[in-house]
Structure formats: structure tokens, C-alpha cells
Amino acid sequence: MITLTELKCLADAQSSYHILKPWWDVFWYYITLIMLLVAVLAGALQLTQSRVLCCLPCKVEFDNHCAVPWDILKASMNTSSNPGTPLPLPLRIQNDLHRQQYSYIDAVCYEKQLHWFAKFFPYLVLLHTLIFAACSNFWLHYPSTSSRLEHFVAILHKCFDSPWTTRALSETVAEQSVRPLKLSKSKILLSSSGCSADIDSGKQSLPYPQPGLESAGIESPTSSVLDKKEGEQAKAIFEKVKRFRMHVEQKDIIYRVYLKQIIVKVILFVLIITYVPYFLTHITLEIDCSVDVQAFTGYKRYQCVYSLAEIFKVLASFYVILVILYGLTSSYSLWWMLRSSLKQYSFEALREKSNYSDIPDVKNDFAFILHLADQYDPLYSKRFSIFLSEVSENKLKQINLNNEWTVEKLKSKLVKNAQDKIELHLFMLNGLPDNVFELTEMEVLSLELIPEVKLPSAVSQLVNLKELRVYHSSLVVDHPALAFLEENLKILRLKFTEMGKIPRWVFHLKNLKELYLSGCVLPEQLSTMQLEGFQDLKNLRTLYLKSSLSRIPQVVTDLLPSLQKLSLDNEGSKLVVLNNLKKMVNLKSLELISCDLERIPHSIFSLNNLHELDLRENNLKTVEEIISFQHLQNLSCLKLWHNNIAYIPAQIGALSNLEQLSLDHNNIENLPLQLFLCTKLHYLDLSYNHLTFIPEEIQYLSNLQYFAVTNNNIEMLPDGLFQCKKLQCLLLGKNSLMNLSPHVGELSNLTHLELIGNYLETLPPELEGCQSLKRNCLIVEENLLNTLPLPVTERLQTCLDKC
């Protein structure tokens, strides 16, 4: 038995698809119901009424039909020429039949003589109706289509009822009404404000378009803020729409099934119109029934009446009219499907009217479903389109983001960075919370892995902002925000996500002093940039490029001659052309990192103002060119670390002004005595080499403050090392030292001592003389500390927290 609950669920399931049924589907539905009533009525009449009444047996049969005796006599007289021929007379047989005999004759005549169309007419109507109904509803129950349709209907109802839909539509209406007023006000402001006028004129003077620069958005006064629950619900709808679109747009199975349904209906319509009118003529009231039952009843032919003939003719005619209406509608729907491009759906008209100009066009089954929904009510597709717009989604994300990131939560994220600046680091968010602009004390804003960031005019509230870091994020800057950054931003760090894509707004930062660009920036793209862009960076002093280049971009050497520091990390790719370095005469610091250099480039020796040179992580094996550094009178810092240098040439002594020398992570085995002619050295790092001893002449480095020989093979320290009275940091770890000279106590300025990883058995008690050395800055095995006298240990421990 089917319960009422099951019937109710079935009815609800059918009614949920009403938005996908055009007017012809509704028309078919009602015609099908009428056809079904015709079938039921005809069937009921056939079952309840007497089928065939045969109450007049034929007593005289003449010329293969029933006749009265007088007709036979007259015919015989006209045809017979012999008057003596006897007339045939009917047999004298009992003609009063029993009721059961009449019933028998009725049944036999119904089965043998009544035309099949008259007998099966109700069943044919029922069969046709069921086929029509099946064709109309097959796509709603076929698994491959019904699942998609159910998903679409469920999402569509949520889109229709979502508060976000109402908010977006009302916002569109409000913006359209407010836009003319805003435009007139903006003209007045631009004409009265000198700063704004300068910005506007600057924009007009740009000879190229400005991607990434957008006008400030107009805030709708009528827009209401969603609560957290409504925001999460709208966010879930956006995700469902994305997944549904991705799934449905791949195929056109719904379109093909619906089209085949209509084709079957048209074929069935043609078939019915062909045979039903023809067989309708075979339904007659009177039936001449000839059956071979004379032995049982005494008669062979009977005159019968089919009592349902007239009403069946009426019902059949009415049924034909219904089929014609059904067929014409099916033909129209077939023509509509073949004429229209139902696999493409464009929101162009909606994009022109609304402020969501990014609503994408859809295709295949998604487009077809929307076309069907438009036949029911175009408002459904309009509301649905809001959840296809990325602009709409971004606005929702912004609202949810603001609800999540309150001012208190953002303040808890403020930290002091290594440069002692107040920094806010936002990582993997959906956008930039509006409450960020309430943190006026912030000096550094770091944005990492944020897909879409927009800096509005509210950034001008961050009066202390001097540094901006954008790592693997897409940043769009409004014009008012750009005006603020032009005046206040000093340091900009960018890590690119897309190859060679440098935002154009970077070249408007006229007060920028340091620019860090990290990513796959191709030299061709750099050289083809608008020259005016780099020329505007007149205050730029530091440029850092991390990329894979074959040469230093010409735009850097030609348009930034006043650059003081250039750092290039080539990520292991070979840097071939370096001749254009000669143009950068004002360069004070040069870093060529991971450039696969095998020799020191000669173009460096032309940089007379160079103070610092860093060539780390290259493939340098020899540095014979070091003699040429004597022409660089200002060179004070030389870093040749992380290379394959086997020896230090004796010409190193010519660098009398050298103050810092880094040769760690090489293959150096010996130190030339000329090295100790660089008496201004205060920093010397020889860690991770193959040194076995340190010359006694190290005592001439009287200004030495930092000395590192970690991870070598040194067995003994020269006494001259302890003559470097200014030594503050001494790193001797991971060597082969057997003992530590008592002269270590003479290093009164020593603050950091590393001895771990040697073969020491005891520590000299003279360590007590290192008054600046603290326990936490003495890196040694714990058991060696126990060899020190207790007063020395206690003194080291008392100042543990001050190191």
C-alpha cells in the first residue's frame, strides 16, 4: 500500500521542478490529465455498460445478408422464369432463445465481429497518455539528469532566499541612483583640492593604461551588514555554485535527453494522427454478426447493436483534438530548441544593467537549465547570477573577513620585527580586513598568500606606514591610496606569483628608497617597460632582484644611475653579460648571489665608489683578480663565502682599507701572511674550510673584533691571537684543539666564545679574566664547565640573563 506520506513526498518532488517547466510543459501536463480522464471514462463505460446486444436473430438469410421472407419471395419471382418452381420457405425451428443463449451470442459477436479499435480504444488512449507522460518526466527521473536538476533546484532556492541576494540587488539599485550625484561631487572635489588635481593630472599624463589601478568604490548607504551566520551561508552557496558549474558545464546530457523526449512526442503525435482518424470510421452502431453457432441456437446470423459506438466516436474525436494540440505544442518546442542556441547563455544584458560586470557566460547543460528557468521566470536567473560574480563573492568575503578580524584581534597580531618596527603580518586570508586601517601605530604591513588585496583610500589613516611587503599576492591600489603611498612609502618588497608581472603602480612611488623584487622577472619584460616608470623612481637607492637572468637588465643600469645598492640573486642561473655594470658609477654596495660566476667580473673594478661586494654562492675557484681591488679605495667589505676557492692570493695584502672579509664555506687550506697586512680588519670569517693552523702574524690585526674558524682542522691556537685585545666574538668550534691557552683571559672584551666540538679536557681558570663573557655566550660541552673553579662558574651564571 502507498501511504499518504509517500504520496505527499511524491507531489512535493514534482512541484519542486516547476521552475524548470516552460509553459508548454505545463500545457502538456494538463492535456495529459484530460487524456487520462478520457481513457478512464472510456474504460469505465466499457466495463459497466453492455458491450454488444444481439437480440434479433436472422430467420431468413438471402444473398449473404439477413432478409425478411417477403423480400425473398419477391426476388425469386423476378428472377425465376419457371412459374412452377417451388418457393423456398423457412424452416419451422423454434426461434425463442433462452437468455443464456443471447448472452452467449453477445459474447461471441463482441469477440469475433466487433472491430479491434472499438474494443481497445480506452486502452490505446491510456497507453498513449502514459507514453506522453513518460516522455515529459523521463528527464526528471533519469539518474544522470535528475541528480543535476535536483542539485540545481536546491541551489536556486537557496540563492533566491539568501539575504545576500537581496542585499546585492538593493545595492545595485542604490549605486545606480547615487552614481550621478557622486560623479558631480567628485568633480567639485577635484577642482577644489590641489592634491587631487595633481593626481588626476598625473593619471592623464600616463601614456599607457593602468591595470591594477581602480577608482574608489562607491559605498552604498542602503547596504546592510550580514551577520556571521548569514555570511557563512552565502559563502557556502558560492562554493556550491562553483562546484555545480564546474560539473554541469562539462556535458550536455540534459539538453540531449530533453530534445530526444520532444522528438519521441512528435513521432508519437504523427503516428496517432495517422491511424486514429482512419480507424475511427470502423466504430459503428449496427453490427451484422455471422457466427457458426446454428447447431446451438438454430440461427447463423444476428443483428447486433454496439451501444457505446456514438459516445466512443465523440471521445475519440475529442481525443484527436487533444493530440493535435499536444502535437502542435511539441512541434513548437522542438522548433524552439533547434532554432535557439540553448547551449550558450549570456548575461550581457544583466551585466550592462548591474554593477556586477564580471558575471560569466555559461554553456552546455548549465546554459540550457537557465534558458528553461527563464521561460518560467527570468528573475530566477538574475538572482542566480549574483553567485556567479567574483565581485559579489569578494564583497561577501570582505564582510565575513571584517566580522572575523576585529580590531582587538588585529592588535594582538602586531609585533616588533628585527628592524625594531611595528609590523602586522597577515597570512593566507581572503582579503584585507577593513579594521587594519584602524591600527595607526603600524609601520610595516606584510601581506602573504592573499589572492586578491585591494588598498582603498582608508590606507591614508596609517600615518606611520613606511614599509609594505606583498608576497605571492595580487594587490590593487585605488587612486587615493596611491597618492598616499607616493608620499609616505619608503620600502616595498614584492614576491611575484606570475612571471614578469610587476604592477604599474610601483612606478608611481616617487619617494620610494628601497625596492625588493623577487620572482621570475624576464629581462625582455624588464627592458620593455615604460621608461617613464623607472625614471620616476628618483629617490630609489636600493634595488633587489631575485630571478633567473642572463644579464643585468638594461633598464636598471641606464635609468637608475643614482642607485647605491644593487643586489641580484640569480637562483643558480649563469649571469653572462656584466659589462653594463660600468654605468652604475654611484653604486656603493653590489651583491651578485648564485650567478654561477667562475671569475670575478672585471666590470666591478670600474665602480670606484664601491664599499661592499658580496659574491656568495657562486662557482669561484680562484680570485687572482683580487689585486685589481686595490683601485677601489673605498672597498671595506668583501664577501666571497660559499664558493670553491682553494687559496687566497698574496695580493690580498694590497686591500689596506678592508674591514670585513668573509671567506667561509670554501676549500682554503692555508692563510697567506699578506692577509694580516689588512690591519683595518675587524671582521674575519674563515669557517668551514680546511685550515690546519693560524699564523702567529694574526696579532697584527689589532682591530679584529670578530674571528671565526668553525669547522676546520686547527690543532693549536697561536699566542698572537690573544694579542687582539678588541676581540669580542671568537668561534673555534668543531676543530681539533687539545687545549685552550691561558692567554684567553687577556681578552677582556670577549662576549662570545665557542669551543664545542673539540678535544678539550679542561677549561683554563683564566677565563675569569673575560669579564664581558657570560654563561649563555660560552658554547661548550656541559662537562667542561665542571672543570672551572666554582667562583668562575658562579660569575658566569649570575649574568646569564644579560647576554
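Quick reminder: no glycine exception, Cβ is built from N, Cα and C everywhere.
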Annotated N-linked glycosylation site residue, as Swiss-Prot has it, among ASN78, ASN355: ASN78
Bond partner of CYS289 - disulfide, per Swiss-Prot - picked from CYS109, CYS135, CYS159, CYS195: CYS109
Membrane topology agreement for CYS304 and THR710 per Swiss-Prot: no
Overall pLDDT of the repeat 'LRR 9' (657-678), taken as the mean: 94
